[in-house]
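Q: Here's a structure for you.
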Amino acid sequence: MPPSVKKKRRKKPTMSDDDNQKPYRLGRRPGEQGPRPLSSNQDRIEKLATGKTGTTTRQIVANKTAAAVTSNVKIGQQQWKITKDPLTVGTWNAQTLWATGKLELLRNEMKCFRFDVIGISEVRWTGKGETPSGDFIWSGEDTTHTRGVGMLLTAKAKKTLIGYNPISSRVITARFNATPFKLTVIHVYAPTSASSDDEIEIFYDSIEHALTQTPKKDIIIVTGDWNAKIGSDNIHWESVMGRYGYGDRNERGDRLLEFAALHNLYICNTRFQQKANRK
């Protein structure tokens with residue numbers, strides 16, 4: 001008689017709080033499967049993160065005019081393997097896409113760089129939405145061709161996109177599916193130095209609202225054109241910036257540092273030295 005075989009008990013699947021939240025997608029176009037804008041209370045993203053106990057994931061690319069900030073997310077107690085498929089995030093000031101063929105020129109230009117998500121400033125399109133191909137999402141003014149922000153996505157990023165929230169002509173957020181944490185990308189275009197203090201406060205209030213609406217477990221990356229100079233002196237600001245800032249710190253730079261400190265963010269492109277033509 002053959003020996004009896006013990007059947008292994010199957011573990012019941014568990015579900016975290018985040019798993020209970022179904023991705024919010026509005027109605028889709030017939031025949032298309034692209035994600036739609038998120039509801040007002042779900043404006044973030046997700047992607048693959050790497051690291052180990054007590055470390056922070058900060059994998060980002062910043063262009064010469066924009067500072068990028070990321071949240072100091074504490075990693076769990078488990079050891080992780082380094083991912084072979086990282087997500088690359090960057091930012092670009094297009095100056096304008098309000099002309100026939102400008103978006104296609106931008107797509108071709110971005111082929112020279114390795115990226116998955118590029119935050120675009122000064123889009124200058126009206127309204128808000130996404131292109132039929134789903135590779136570009138934007139948020140602009142209702143009637144005037146000014147300001148405007150957007151994100152250009154690769155095919156990989158499109159597949160992981162849960163949804164996006166076009167908040168204003170200066171702020172747009174998107175949320176991507178990733179492991180072990182979801183990723184929220186917030187792209188911003190700050191008012192210039194000629195703008196009033198009220199405009200600056202409204203701008204930062206909108207970012208703060210987006211941050212508070214982001215799930216706590218998400219990794220947050222904020223990209224954009226901040227129109228601020230923070231300089232290279234990081235004394236008393238070591239927790240939010242490195243030693244490779246640019247220019248002489250101005251009032252807008254002070255405001256950015258205070259905001260980063262308040263929300264536990266780090267200005268990533270001050271962490272490493274850049275070429276002079278990329279500052």
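Glycine residues also receive a Cβ, built from the backbone N, Cα and C atoms like all the rest.
The following feature annotations were taken from TrEMBL:
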- 1-13: compositional bias 'Basic residues' (COMPBIAS)
- 184-270: domain 'Endonuclease/exonuclease/phosphatase' (DOMAIN)
- 1-44: region 'Disordered' (REGION)
Q: Please work out the mean pLDDT for the residues of the domain 'Endonuclease/exonuclease/phosphatase' (184-270).
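A: So the average pLDDT across the domain 'Endonuclease/exonuclease/phosphatase' (184-270) works out to 94.
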Q: Count up the helix, strand and coil residues in the domain 'Endonuclease/exonuclease/phosphatase' (184-270) according to DSSP, in that order.
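A: Tallied per class, the domain 'Endonuclease/exonuclease/phosphatase' (184-270) gives 31 helix, 17 strand, 39 coil.
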